[in-house]
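Chemist: The structure's right below; bear with me while I get my questions together.
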């Protein structure tokens with residue numbers, strides 16, 4: 001298999017290689033539901049798991065978060081785990097933690113050894129440097145993300161976001177938009193294709209909702225390394241069941257070579 005020089009290896013999978021990866025979210029509200037959902041999702045063999053910890057009601061109880069993360073690790077085995085606390089401003093659930101407390105929790109979860117990647121939002125700006133240092137210390141990969149739930153900005157804005165993520169030290173840059181027209185979907189795909197040629201890190205991009213479904217199925221042809229698919233419960237508008245995504249990816253891979 002030919003591996004792109006910008007691809008990264010996380011456990012046994014390559015992100016940004018020649019094959020698109022499927023990531024399935026886990027969104028349980030308590031430890032029992034998180035672990036049960038993870039068991040169901042892992043039976044479908046995604047390439048990655050994302051724990052959306054902003055759905056976790058006890059997120060302000062660090063001991064319970066760490067115990068749940070360790071339980072997830074035991075269930076996932078060698079499937080890489082992405083830890084995400086999505087802010088309310090970018091489509092996440094309201095949580096009782098301020099930014100400093102979120103960073104402290106991220107540090108604890110990185111040091112636990114239970115996770116492989118962590119998502120941190122581009123909007124945090126210079127504070128990304130603190131998270132970058134701790135992820136490097138803990139050998140955890142950093143995804144720097146930006147989500148536009150109210151529309152789709154200009155291509156130049158999306159490119160600037162991905163460039164900025166790389167400048168802040170991201171291992172992976174992620175951008176998601178909410179299209180209002182087919183033209184918006186094309187803007188996202190054009191930005192992805194241009195960023196793929198320019199940046200030295202893997203990308204994750206998607207257009208959400210029904211209009212954006214094509215980007216979840218064919219975005220990898222334009223440079224998006226990971227698509228998010230429903231394993232049990234959706235974490236964002238427009239996510240498609242993992243079995244359907246796998247079927248379409250297989251067809252596209254067969255006929256696009």
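Positions of Cβ are set from backbone N, Cα and C atoms, glycine also.
What Swiss-Prot shows for this protein is this:
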ACT_SITE  147  active site, proton donor/acceptor
ACT_SITE  174  active site, schiff-base intermediate with substrate
BINDING   50, 51, 52, 86, 216, 235, 239  3-dehydroquinate binding site
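For the listed features, I'd like the structural context: burial, neighbours, distances.
Modeler: Secondary structure at residue 147 (active site, proton donor/acceptor), as computed by DSSP, is strand. In this view, residue 147 (active site, proton donor/acceptor) is surrounded by 22 other Cβ atoms within 10 Å of its Cβ, with every protein chain counted.
Secondary structure at residue 174 (active site, schiff-base intermediate with substrate), taken from DSSP and collapsed to helix, strand or coil, is strand. Long-range Cβ contacts of residue 174 (active site, schiff-base intermediate with substrate) within its own chain (separation 6+, distance under 8 Å): 119, 143, 144, 145, 146, 165, 203, 204, 205.
Sequence-distant contacts (6 or more apart, same chain, Cβ under 8 Å) of residue 51 (3-dehydroquinate binding site) comprise 25, 26, 34, 69, 72, 81, 82, 83, 84, 115.
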Chemist: Return the count of C-beta atoms lying within 10 angstroms of the C-beta of residue 52 (3-dehydroquinate binding site), excluding that atom itself.
Modeler: 22
Chemist: What is the one among the binding-site residues 86, 216 whose Cβ has the most other Cβ atoms less than or equal to 10 Å away?
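Modeler: That would be 216, with the most Cβ atoms nearby.
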Chemist: Tell me the Cα distance separating residue 147 (active site, proton donor/acceptor) from residue 52 (3-dehydroquinate binding site), rounded to the nearest angstrom.
Modeler: 15
Chemist: Just to verify a number: CA distance, residue 50 (3-dehydroquinate binding site) to residue 147 (active site, proton donor/acceptor), in angstrom, no decimals.
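Modeler: Residue 50 (3-dehydroquinate binding site) and residue 147 (active site, proton donor/acceptor) have their Cα atoms 16 Å apart.
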Chemist: Looking only at 50, 239, the binding-site residues on record, which one has the least crowded Cβ, with the fewest other Cβ atoms within 10 Å?
Modeler: 239
Chemist: Cα of residue 239 (3-dehydroquinate binding site) to Cα of residue 147 (active site, proton donor/acceptor): how many Å, rounded?
Modeler: 15
